[in-house]
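Now, the feature entries from Swiss-Prot:
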ACT_SITE  E80  active site
ACT_SITE  C143  active site
ACT_SITE  H167  active site
Amino acid sequence: MKTVLITAFEPFEGEAINPSWEAVKVLHQREVGGARVVACRLSCVFDLSLEELYRAIAEWQPEVVIAVGQAGGRTDISVERVAININDARIADNRGNQPIDTPIVEKGPAAYFSTLPVKALVQALRVAGIPASVSQTAGTFVCNHVMYGLLHQLHQQGDVVRGGFVHIPYSPEQAARHPGEPSMPTPLVTAALEVMIKQSLAQQVDVAVTGGALH
């Protein structure tokens, strides 16, 4: 049976929970789309998060890796198109690290594109009635760090395994403490992940539909 690795993060920036992990953990050891799903919680820490990710990849030998992270302020499931080779932390990570303008991989490419069918995932989510869009930036914090590190590692291993990153909004419980911020219920995020797992396994070539942005 094929394996899909789904990662999420521990809470950060004073939050009591991270909705990415709340949504991901319930999928651990479940069968979705004919594949076994394994879940891994990453530290919200530069470098350490990649060490944990690489160990999980080595242990589980997945066919697909989907990394998930919280992005408070996002209004929908944001499927990331690209990761850039820079750390520029507006806040410190969970161990007090705050790198500014440092490369994730010395002499690595400026960017990597997701190897998941990004637009097909968005299309499938919308068909399922779940708000979704293509995102053109994963930021410059630990989420982008993990996405770039993931894609670099998979490229070094011959691009046999496909991977990418997805940002999700606050949970309603978090949004209650951040008045005016959008949110998405955790069960809906979990349902979205199931849709994306199935689509990622079923489709390797992306669809040619618009997903660009003006700014």
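Using the three backbone atoms N, Cα and C, a Cβ is placed for every residue, glycine included.
Since we're looking at a predicted model, the values are computed, not measured.
Features as recorded by Swiss-Prot, highlighted on the structure.
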residue: E80; record: active site; DSSP class: strand
residue: C143; record: active site; DSSP class: helix
residue: H167; record: active site; DSSP class: strand
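Listed in sequence order, V68, G69, Q70, A71, R74, I77, S78, E80, S135, A138, C143 are the same-chain residues at least 6 apart in sequence whose CB falls under 8 Å from the CB of H167 (active site).
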